[in-house]
């Protein structure tokens, strides 16, 4: 039996609880929930909380949120415990080493701990039995899984881990890692005569209305989300990539990078439609399309995030909708191993988290 405590019960955390309820996961018990205000934990017998009444229980709880108390409750459990961090908080990710030292495993879609400080990342790796040389101590050995930090539920990191562990040599990892930027450029830059007629600002406006972008689309267009995913992949491939030195092409026009609000940005973006139109037409003249790509260049040392051109024959050129696509080029797969599919959204992100929880359960229970 594995006890679960969930930190952050917003869109993804709520969906995870719904999936656990729908599948009646008998070997996984949710025994604690916390948001930024309140928390609720089970009793000393660590019985499962209600997966149908949890919102009311958390809302009515008089216990103030305290991650120290929350983690200790889970660490004191007789069975193995996991904290699922469903936040995007840097402060919460800083607590992972303390949780792992206490014997509590970590499962998370939060990119901060695995793409931020290299020192923090190396400490997490050293403490997690599945990532580094941590000693295995039966069911109490702490584990750390973060499949859903890259590509949501797509098996990107598990595939990369398998390639590395089996002795394959990673040459290059390239991909369209952002569902938002995938949607924008799939619609804006196409060799099809029926597509590409809308201006860039119009497509950004539609994407924002559909909820594909962050509240401020500059948080997508500046490339930092893709940079975090590139950093995570690069580190798993053996590179000490650092966000502070990784080259990232910010495609927000310079004069708009410092405007005060998202509304002002959206209002002024049409002034730069000609800039994006010229980029697109230049690519079309060469029979190519524009795609915003992240690159881990293990052999050539040219890792980064940039807007690139691809011919119609390339898999990235034919991508549809808001899908992600990641291509591994390795010794064993010189022509590339490709993973493609939905890489954003609460349902697929929660699927990735759930899959990681099952990995923890299978590992600590020996099946």
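Backbone N, Cα and C define each Cβ position, glycine as well.
Taken from TrEMBL, the feature domain 'Aspartate/homoserine dehydrogenase NAD-binding' covers 8-130. The NADP(+) binding site feature in TrEMBL is assigned to 8, 9, 10, 11, 12, 13. The NADPH binding site annotation in TrEMBL covers 87, 111. Per TrEMBL, domain 'Homoserine dehydrogenase catalytic' is recorded for 155-358. For 214, the entry in TrEMBL reads L-homoserine binding site. Here TrEMBL flags 229 as active site, proton donor.
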Cα within 10 Å of residue 12 (NADP(+) binding site) - qualifying recorded positions among 87, 111, 214, 229: 87
The one of 8, 10, 13 whose CB sees the fewest other CB atoms within 10 Å, among these binding-site residues: 10
Inter-residue Cα distance where the pair is residue 111 (NADPH binding site) and residue 8 (NADP(+) binding site), in Å: 14
Which listed residue (12, 87, 111, 214, 229) has most other Cβ within 10 Å, given these are recorded positions: 229
From 111, 214, 229: recorded positions whose CA lies within 10 A of residue 9 (NADP(+) binding site): none
Alpha-carbon distance [the residue listed as 'L-homoserine binding site'; residue 11 (NADP(+) binding site)] in Å: 14
Length of the line joining the Cα atoms of residue 229 (active site, proton donor) and residue 111 (NADPH binding site), in Å: 8
Number of Cβ atoms other than its own within 10 Å, given for residue 11 (NADP(+) binding site): 14
Cα-Cα distance linking residue 111 (NADPH binding site) and residue 214 (L-homoserine binding site), given in Å to the nearest integer: 16
Protein Cβ atoms within 10 Å of residue 9 (NADP(+) binding site), excluding its own: 20
